[in-house]
Amino acid sequence: REKRNLTLLFFFLKLYLKIFQFYTNKHFKNQGLFKHILQRFTPQSKNLILFLGDGMGVPTVTAARILKGQLNGQSGEETRLEMDKFPFVSLAKTYNTNAQVPDSAGTATAYLCGVKANEGTVGVSAAAVRSQCNTTKGNEVTSILRWAKDSGKSVGIVTTTRVNHATPSAAYAHSVDRDWYSDNEMPPEALQAGCKDIARQLFENIPDIDVIMGGGRKFMFPKNQSDVEYPDVLKHSGTRKDERNLVQEWKDKMKDKKGYYVWNKKQLLSLNPNNVDYLLGLFEPSDLTYDLERNTDTDPSLTEMVDVAIKILRKNPSGFYLLVEGGRIDHGHHEGKAKQALHEAVEMDRAIGRAGLMTSIHDTLTIVTADHSHVFSFGGYTARGNTIFGLAPMVSDVDQKPFTSILYGNGPGYKLVTGARENVSTIDYQDNNYQAQAAVPLSMETHGGEDVAVFAKGPLAHLLHGVHEQNYIPHVMAYAACIGQNRDHCLSRDGAAALKPALSVMAAILTVTRLLC
């Protein structure tokens with residue numbers, strides 16, 4: 001034993017002297033090995049990926065897990081989602097500065113810009129007041145997408161909603177109203193005061209966002225200009241009163257920069273990512289269709305969009321930041337259509353798996369979370385393997401009628417037949433668009449206020465543990481990638497390092513040697 005301890009002692013002393021030698025070498029002649037040693041102890045994330053399941057509360061995660069298993073012919077409960085495999089999990093508190101139960105705009109500002117904000121506002125601090133244009137100036141806050149771009153990384157946005165919806169817009173826009181999609185939706189006084197619509201800000205605020213994919217075509221084209229895919233559908237025509245064609249402007253700007261605009265799946269998948277530096281993909285006039293209703297010949301899935309995005313972004317030797325939103329989970333819940341919502345969640349999990357295969361846990365920090373929850377639940381003492389969209393095993397002991405396991409606290413599923421609760425056994429509750437019963441009648445179901453899960457893997461993922469404010473998330477990502485303001489712990493370009501990490505390593509080695517002695 002003494003011989004083994006002496007061997008270990010000499011090993012650690014030699015390692016200590018080696019580090020000290022490199023650290024004190026004025027010219028860092030063996031720079032590569034020195035950097036490797038330090039990075040071994042202070043890992044840095046080259047790439048950052050944030051998967052945001054809009055409205056994907058914990059009950060939705062659990063139900064999606066069961067659905068994923070049942071789609072594969074299993075019982076479901078024992079299935080592992082891709083996010084379930086992440087080694088670190090924490091909770092995020094989702095409230096807005098002025099709301100106990102939040103909306104998607106204020107929460108997006110939190111997990112993208114690092115500050116809590118008022119509901120309905122994106123990319124501005126809580127000093128800004130919703131819909132009041134004159135409160136914008138001076139209250140703008142920048143996002144982690146901007147921090148990454150400024151550091152030399154490639155950046156991308158992929159969403160199943162319109163690209164100027166609440167979640168993606170907080171990455172690039174500063175708007176006191178999330179509904180100002182184009183100038184058509186803005187009040188005249190806001191336009192006169194100089195406020196810009198969100199679609200315009202997408203192309204003007206952060207120069208050269210490398211990848212943009214989602215819906216929202218109509219907000220980019222002049223008012224009443226027919227849509228390329230639905231030329232005879234008036235509601236899909238352009239909305240812009242300023243008569244600008246933002247897509248054509250983008251194409252003109254990118255014609256000599258390997259930039260491509262696509263609007264269908266065939267065009268997207270025909271691209272060679274090695275020959276594409278910039279991509280704008282707008283696949284629907286507004287939001288993309290639900291995955292259950294998607295035309296698989298013409299409309300790309302979220303997984304397919306993520307695949308192309310990563311292939312383009314990863315060419316940058318400095319790395320990339322990618323925001324991916326499964327945005328229609330939220331829409332399914334708002335409409336009381338649990339089947340649509342859960343299939344959207346399963347598709348986002350597929351995209352998470354694809355991203356995992358295309359990146360390395362050693363240089364990519366991947367986070368999966370939600371902006372908020374919904375008043376969605378499932379229960380009723382169902383048996384193991386019961387279809388997630390099925391009935392509970394008993395009838396109500398009050399009205400003697402059956403009920404589905406999935407229910408909502410409020411929403412459009414509230415329905416009375418001759419003054420009593422509807423008998424669900426008389427309708428097709430397995431239909432894709434079935435609206436689950438709700439306790440309180442509302443035209444649109446509401447968000448839930450409970451904490452949401454945060455799954456993390458990759459360099460410094462352990463910083464996401466316990467319970468945190470939601471605006472903590474982008475600061476962790478920036479810290480891990482050495483972007484943004486806090487970079488004291490990072491390796492500099494010439495291979496030198498901040499003193500603290502090196503001294504910490506040396507102190508640890510000396511402690512071990514003392515214990516062995």
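Cβ from N, Cα, C; glycine included.
Per TrEMBL, the features are as follows:
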- ASP54, HIS165, THR167, GLU325: Mg(2+) binding site (BINDING)
- ASP54, ASP330, HIS334, ASP371, HIS372, HIS447: Zn(2+) binding site (BINDING)
- SER104: active site, phosphoserine intermediate (ACT_SITE)
- Task: For HIS334 (Zn(2+) binding site) and ASP54 (Mg(2+) binding site), determine the Cα separation and express it in whole Å.
- Result: 11
- Close to ASP330 (Zn(2+) binding site), taking Cα pairs within 10 Å and only the binding-site residues ASP54, HIS165, THR167, are ASP54
- Message: Using Cβ atoms only, which residues of the same chain lie under 8 Å from HIS372 (Zn(2+) binding site) while being at least 6 residues apart in sequence?
- Response: GLY55, GLY57, THR94, VAL101, PRO102, ASP103, SER104, THR107, HIS447, GLY448, GLY449, VAL452
- Note on the structure: Same-chain residues at least 6 positions away from HIS165 (Mg(2+) binding site) with a Cβ under 8 Å from its Cβ, in sequence order, are SER104, THR159, ARG178, TYR181, GLY214, GLY216, ASP287, GLY327
- Same-chain shell around Zn(2+) excluding ASP54, ASP330, HIS334, ASP371, HIS372, HIS447, C-beta within 8 angstroms of the CB centroid, reads GLY55, ASP103, SER104, ILE329, HIS333, ALA370, SER373, HIS374
- Message: Using a Cβ cut-off under 8 Å and a sequence separation of 6 or more, which residues in the same chain sit near ASP371 (Zn(2+) binding site)?
- Response: LEU52, ASP54, GLY55, THR94, PRO102, SER104, THR107, ALA108, TYR111, THR167, VAL452, GLN470
- Taking the Cβ of GLU325 (Mg(2+) binding site) as the reference point, list residues of the same chain whose Cβ is under 8 angstroms away and which are at least six residues distant in sequence. PHE51, LEU52, GLY53, ASP54, ILE157, VAL158, THR159, THR160, THR161, THR167, PRO168, GLY214
